[in-house]
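Right, one structure below, let's go through it.
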Amino acid sequence: MPVRAEARAAWRVVALALLLLPAMPAASPPLTPRPLQPSMPHVCAEQKLTLVGHRQPCVQAFSRIVPVWRRTGCAQQAWCIGQERRTVYYMSYRQVYATEARTVFRCCPGWSQKPGQEGCLSDVDECASANGGCEGPCCNTVGGFYCRCPPGYQLQGDGKTCQDVDECRAHNGGCQHRCVNTPGSYLCECKPGFRLHTDGRTCLAISSCTLGNGGCQHQCVQLTVTQHRCQCRPQYQLQEDGRRCVRRSPCAEGNGGCMHICQELRGLAHCGCHPGYQLAADRKTCEDVDECALGLAQCAHGCLNTQGSFKCVCHAGYELGADGRQCYRIEMEIVNSCEAGNGGCSHGCSHTSTGPLCTCPRGYELDEDQKTCIDIDDCANSPCCQQACANTPGGYECSCFAGYRLNTDGCGCEDVDECASGHGGCEHHCSNLAGSFQCFCEAGYRLDEDRRGCTSLEESVVDLDGRLPFVRPLPHIAVLRDELPRLFQDDYGAEEEAAAAELRGEHTLTEKFVCLDHSFGHDCSLTCDDCRNGGTCFPGQDGCDCPEGWTGIICNETCPPDTFGKNCSSPCTCQNGGTCDPVLGACRCPPGVSGAHCEDGCPKGFYGKHCRKKCHCANRGRCHRLYGACLCDPGLYGRFCHLACPPWAFGPGCSEDCLCEQSHTRSCNPKDGSCSCKAGFQGERCQAECESGFFGPGCRHRCTCQPGVACDPVSGECRTQCPPGYQGEDCGQECPVGTFGVNCSGSCSCVGAPCHRVTGECLCPPGKTGEDCGADCPEGRWGLGCQEICPACEHGASCNPETGTCLCLPGFVGSRCQDTCSAGWYGTGCQIRCACANDGHCDPTTGRCSCAPGWTGLSCQRACDSGHWGPDCIHPCNCSAGHGNCDAVSGLCLCEAGYEGPRCEQSCRQGYYGPSCEQKCRCEHGAACDHVSGACTCPAGWRGSFCEHACPAGFFGLDCDSACNCSAGAPCDAVTGSCICPAGRWGPRCAQSCPPLTFGLNCSQICTCFNGASCDSVTGQCHCAPGWMGPTCLQACPPGLYGKNCQHSCLCRNGGRCDPILGQCTCPEGWTGLACENECLPGHYAAGCQLNCSCLHGGICDRLTGHCLCPAGWTGDKCQSSCVSGTFGVHCEEHCACRKGASCHHVTGACFCPPGWRGPHCEQACPRGWFGEACAQRCLCPTNASCHHVTGECRCPPGFTGLSCEQACQPGTFGKDCEHLCQCPGETWACDPASGVCTCAAGYHGTGCLQRCPSGRYGPGCEHICKCLNGGTCDPATGACYCPAGFLGADCSLACPQGRFGPSCAHVCACRQGAACDPVSGACICSPGKTGVRCEHGCPQDRFGKGCELKCACRNGGLCHATNGSCSCPLGWMGPHCEHACPAGRYGAACLLECFCQNNGSCEPTTGACLCGPGFYGQACEHSCPSGFHGPGCQRVCECQQGAPCDPVSGQCLCPAGFHGQFCEKGCESGSFGDGCLQQCNCHTGVPCDPISGLCLCPPGRTGAACDLDCRRGRFGPGCALRCDCGGGADCDPISGQCHCVDSYMGPTCREVPTQISSSRPAPQHPSSRAMKH
């Protein structure tokens, strides 16, 4: 209907509702919304689809048989009543629903109606709820809203979601070089060599010199835009880093023209000279300084000038001292260099021609100074210690672990036998172990927790009421016996008995606790199931009986070391470190040991695993039995003990140091370290001189001098009284330095100065004074006796008290220290070169540098840091921070680009930029210019390097970086970004189309369209709704046309009608499809095939009427029923032909046969052997039995029964199905199950079946022979075997397995030690060497064999083998019963080893050790006694002196050449030499000869074989062996070497000229440069 009519109808309904409402109070009439009308503001019309129901008529038809009168088909009558099928039609109605469009009025989007308002006048804030669905900001408008996105994002098509804007896609984002997009923004990047301008888009070339001067110290030269190089100012050169500059060294070329030293100072070359030279007048050449002429040499005798130095010389008879200046008299005496302070050596000192040679005793070595002896860590060099080693000063000490003690050799360790002392605290037995011991108990006992006491395994205790003893097994009950077992079967029985009697009264403890229910353990938590490792339970099930080798409460612990056997109660008898097998006790011997008990160690002289390796130790040294290392006797050392101790060492291995005073001692005994003193000394360490009146070796001789005359303690000669200051036989020798007085017996007490040889008065050197010369000269004095006055030293210098020269302070030089150091030098004597660089000034005293402007650092090597300038960079720059830096020298500001002014505090004036503000800006459209780079900052709407380009379409604002936010491609203002909407769009973003019924620019025009037509928002053209046409859509579609503007033709066929709007066809009955072109599908009928048939089982539906046409086998209105039984086929008109009561299929008529039948009509029974449903089951009857074809039940033959005839007839029955009872006379008869004939039962035979089967036969009629073995009997009925004790198996053919016995082998043997038991009785059959009920004991020591019945016949300590009685002889014995001792020349076990003794040595039969005769030693007596020893065992010390050897047998001394006498104590008399002093010397008269070689010992001035020739010219001294050192043509004395000067020469070597001549030389011009060098 028209809109207004609908509105009026709605108003009527509302008015009627208001009239029917009950009356309300007049005071508060309710405000109800006014119904919306299209004329009200902001009201929009909508088409709403609703379901509308209405009745639809439907014509139905059905058929029935009615009686009718008819004329045909009547028999003899004209009319008759017949049956006729009639179709009846009737009208019915159904409710049909269809969707209809209805116009409703609602508030336009963005508006709402409040009570009392006419129309929609209230704006809706869509942003208040869930932000309006916007991802970004939500903006509410009057009547609507819109979503916005943050800058850099844009709205997607849904108007709500924001998506990142890739600004780089449009004009590269305005970037000059590279644009990088980021979420919500972007950034510009520049190529290498460019930098980004302040606008963030423009790239400026980097002028590398403008940034920090390019890193250059002086000047930066720009090569390209990005490249530069550094350049130095004149007189400077570039360093390797290419940036810093250093001044060119003037000394680099030609040493600056200097002869010696060239040094740069403030850029100029300054020459210097080496010490001993001075600069000449040209300031470049160096000339020698004559130290002798200037008095700088300070030589005691004479001075000789040399180039650059000088040399002091001494007069004849004197020699130059170590200081190179003092001269000392030459004493013609050979001085022992070791006498003074032991030559500086810490231990031994030996005098040589080159000075003292230090030596160290054994265990020490020389330190780097070659004088001090330091200890050697002997333990690190594999000493002889067997266990532990501790290093000591000069040696080491061996020690042993607990349970061991040190052997007498000081190296090896021997086990301590703890059992030897107090029985080791053991109650029963004690067995010594290596390093320890172990207690053991007798059989039937076990060790207590203290591992010493013994507790009985089963204790017999007399009950308190006096009844018989009862047994309580341990460990459940702790009860002590009232008697003590005897520990040993020896002579101590009386003592043990006394001790037992004493203790009986104390051992009366009763039980502690008892475990119940066959449990045991300290907490009764263990049972027999816990026994491990083959352990079995005791008969009382109160503990585990462990096998050999195991112990512990549950047999989970192996035997402790050195124990074995049952309960680990047997002690191991292994010796020499052998280990014991925990089960059998067999010994496993270590290398070098053999024998059943490891009792056979290696004999002396052999070692190794099998004692086959021969020791190589000399001097009777003993050998380690495993490794063969030699263990030396005292006085010997070396790998083979073949070396005698070196001097000053003694003891085993020469490991001890002699404590003798070596300078006073002749020798140290290498065995015990006793000291043999030199003549003149005595004491244990030879530390004391002979007492007055005694002399000689040991001070045993008394002096024979007159009273008051001293005696020489060495020779006993009487000393002569010399005048003070002299000594010697003829008193011709002056006292040596440091002594004075009579016989030079006084010692000087001067401090570093000599004394007068007569009076002892100190002779002070220059600069010293005082009685002992210990004081320096007073201030202002110097020289001998401090008599000279010091010169006037300047600048705080002091005077040298020895020479009087001024000692200048650092920084000053000159004879009076009046001059400061030359430029470039500083310190004491101005000898240290300054290290100041870059024109830095050096302090002459400290050398500290004062840097030139622009430099700093300790050596002025570092340029000023940025922000500082001036000397030492002490001034801060006064330039504006960040706008410029200052010159490091002058401090003037050097402005950065874009700044100017004295302090770089001003930016460039407008329109200019760059360094010094000299470049002009090029910006357009009023853009601002950067004063540093000249880059332009564009105003809104412009872009480009110079702002010459307007913003591209879609962008606006500053830098055009804002994207327009307009919809539908609307442009925006380039400056403000506001959207310019085209026709048909409106809103801030032009996102909204014109409201309904409006169009054009700004939606200002009204549309004139009807019938639901829409209006084009741009042109106002009407777009008609489907089914209408015309300019204003007022014309309906003509028939045959439909759709929008009625442009489509209808396609309906077969009488179908067409809808003018959608073109849909309405089909008649029986047709369907879009164009009614298809007949109804099966199951559907009526108009449009909209009704469904309900035909079942494949019935066909009539497409017009819906009636069902049923298939074969089915019937009923809907074909829902199958044919009745006995019928089948179409309309169920055919009848079944099945037999045996079988039914047939209602469609095909096929027969369903019952079980046991088959065939087309079920007329045949199942074939033989098959039965059941479809005859598919196979009969299970025996071959001779048949089964029923229906049930499968078997028809059994006579004698069998059961479902499968598997059971024979029960005894007493027979026949078919076992239905008959047997009629046999008694139980000894059996009935045949098939025929019932009676025969004898199994196990019986004979007439009347009364006789049992004889032994060995069984079965019916006793026809079968028994097959039982080993005495087994068989059952007479079944033949089953009954085995006797000791056998088992079906035929008793198997003997009991080892360890079991008795009937069915059900009992376990209790034999020990692996013994077998009798399989019948269980009695143990012990192997030879074992005895006891359970074979748990070995044979006693003197018994052997089976049952230990045989007595051993071993003698001399031989051990008897418990099995066969064979004897194991101890060392040194042989024979079947060890009855023979080893014959001569043989030794060891069974005397199998052959002796190797030499030099008539005899062999010890046990170990094979050789017993050497006098003069020989060694394992085989192969060595004669070492030097210094003789006699039996080389134990006697030779008393020969002078190191002479003695005869090793007799001890007679064999004197060396030059000595004779019984002990070689006498030297050869004058004129004799050689062995025994029997040869005569052949020397000039009065000349002695060497007592050994006989060579003549020429006095000074003589030479030749017989010393009968004078020295030739230029030679002097003893044997003329010294060369003269005389100059000036002088000759030297052939005896003393003193020079005899000629031609006015003087000095000790006659090379000095008189003083008048030397003083005439010119003095040097520059005394400040003098140097003293020698």
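FYI, residue positions are counted from 1 along the chain as it appears here.
Cβ coordinates come from backbone N, Cα and C, glycine included.
The annotation disulfide bond is assigned in Swiss-Prot to Cys175-Cys188, Cys258-Cys271, Cys385-Cys398, Cys524-Cys537, Cys589-Cys598, Cys654-Cys668, Cys722-Cys731, Cys793-Cys806, Cys966-Cys979, Cys1348-Cys1360, Cys1391-Cys1403, Cys1520-Cys1532 (among others) on the grounds of similarity to another entry. Annotation source Swiss-Prot lists domain 'EGF-like 7' at 375-412, citing sequence analysis. The domain 'EGF-like 14' feature in Swiss-Prot is assigned to 740-774. Summarising the annotation, Swiss-Prot assigns domain 'EGF-like 18' to 913-948 and lists sequence analysis as the type of evidence. According to Swiss-Prot, the domain 'EGF-like 21' annotation covers 1042-1077. Look at Swiss-Prot and you will find 1344-1379 tagged as domain 'EGF-like 28', backed by sequence analysis. Residues or ranges marked as domain 'EGF-like 30' by Swiss-Prot on the basis of sequence analysis: 1430-1465.
Everything Swiss-Prot records as a feature, shown here on the structure.
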{"residue": "Cys524", "record": "disulfide bond", "Cβ neighbours (10 Å)": "14"}
{"residue": "Cys537", "record": "disulfide bond", "Cβ neighbours (10 Å)": "17"}
{"residue": "Cys589", "record": "disulfide bond", "Cβ neighbours (10 Å)": "21"}
{"residue": "Cys598", "record": "disulfide bond", "Cβ neighbours (10 Å)": "22"}
{"residue": "Cys722", "record": "disulfide bond", "Cβ neighbours (10 Å)": "20"}
{"residue": "Cys793", "record": "disulfide bond", "Cβ neighbours (10 Å)": "21"}
{"residue": "Cys1348", "record": "disulfide bond", "Cβ neighbours (10 Å)": "20"}
{"residue": "Cys1360", "record": "disulfide bond", "Cβ neighbours (10 Å)": "23"}
{"residue": "Cys1403", "record": "disulfide bond", "Cβ neighbours (10 Å)": "24"}
{"residue": "Cys1520", "record": "disulfide bond", "Cβ neighbours (10 Å)": "21"}
TODO: Check the Cα-Cα distances from Cys979 (disulfide bond) to the disulfide-bonded residues Cys385, Cys722, Cys1348 and tell me which is shortest.
DONE: Cys385
Task: Spatial neighbour of Cys793 (disulfide bond) that is closest, considering only the disulfide-bonded residues Cys271, Cys537, Cys654, Cys1391, Cys1403 and their CA atoms - done: Cys271
Task: Cys806 (disulfide bond) versus disulfide-bonded residues Cys668, Cys966, Cys1403, Cys1532 - nearest by Cα - done: Cys1532
TODO: Please tell me which one of the disulfide-bonded residues listed here (Cys258, Cys966, Cys1348, Cys1403) sits closest to Cys654 (disulfide bond), measuring Cα to Cα?
DONE: Cys1403
Task: Residues of the parent chain within Cβ reach of the domain 'EGF-like 14' (740-774), under 8 Å, 6 or more residues beyond its termini - done: 719, 721-727, 734, 782-786, 800-803
Task: Nearest of the disulfide-bonded residues (Cys188, Cys385, Cys1520) to Cys258 (disulfide bond), judged by Cα-Cα distance - done: Cys1520
Open item on the list: Most Cβ neighbours within 10 Å: which of the disulfide-bonded residues Cys258, Cys654, Cys979, Cys1391 is it?
Closed with: Cys654
Open item on the list: Give me the CA-CA distance between Cys1391 (disulfide bond) and Cys598 (disulfide bond), in Å, as a whole number.
Closed with: 17
- [ ] Can you grab the distance from Cys537 (disulfide bond) over to Cys1348 (disulfide bond)? Cα atoms, rounded to a whole Å.
- [x] 30
TODO: Measuring CB to CB from Cys271 (disulfide bond), give everything in the same chain under 8 Å that is also at least six residues away in sequence.
DONE: Gly256, Gly257, Cys258, Met259, His260, Ile261, Cys262, Gln263, Leu279, Arg283, Lys284, Cys286
Task: Local confidence of the prediction over the domain 'EGF-like 28' (1344-1379), expressed as mean pLDDT - done: 87
- [ ] Within 10 Å of Cys966 (disulfide bond) by C-alpha distance: pick out those among the disulfide-bonded residues Cys175, Cys598, Cys668, and say none if nothing qualifies.
- [x] none
Open item on the list: Going by Cα-Cα distance, which of the disulfide-bonded residues (Cys188, Cys524, Cys1348, Cys1360, Cys1520) sits nearest to Cys398 (disulfide bond)?
Closed with: Cys1360
Open item on the list: Measuring Cα to Cα, how many Å separate Cys188 (disulfide bond) from Cys1532 (disulfide bond)?
Closed with: 104
TODO: Looking only at C-alpha atoms, tell me how far Cys731 (disulfide bond) is from Cys1532 (disulfide bond), rounded to the nearest Å.
DONE: 25
Task: Residue distribution over DSSP helix, strand and coil in the domain 'EGF-like 21' (1042-1077) - done: 3 helix, 10 strand, 23 coil
Task: Using Cα positions only, nearest of the disulfide-bonded residues to Cys598 (disulfide bond) (Cys524, Cys668, Cys1348, Cys1520) - done: Cys1348
Open item on the list: Given the disulfide-bonded residues Cys175, Cys385, Cys668, Cys1360, find the one whose Cα is closest in space to the Cα of Cys1532 (disulfide bond).
Closed with: Cys668
- [ ] Out of Cys385, Cys524, Cys722, Cys1348, Cys1403, point to the one nearest Cys668 (disulfide bond) in space (Cα versus Cα); all of them are disulfide-bonded residues in the record.
- [x] Cys385
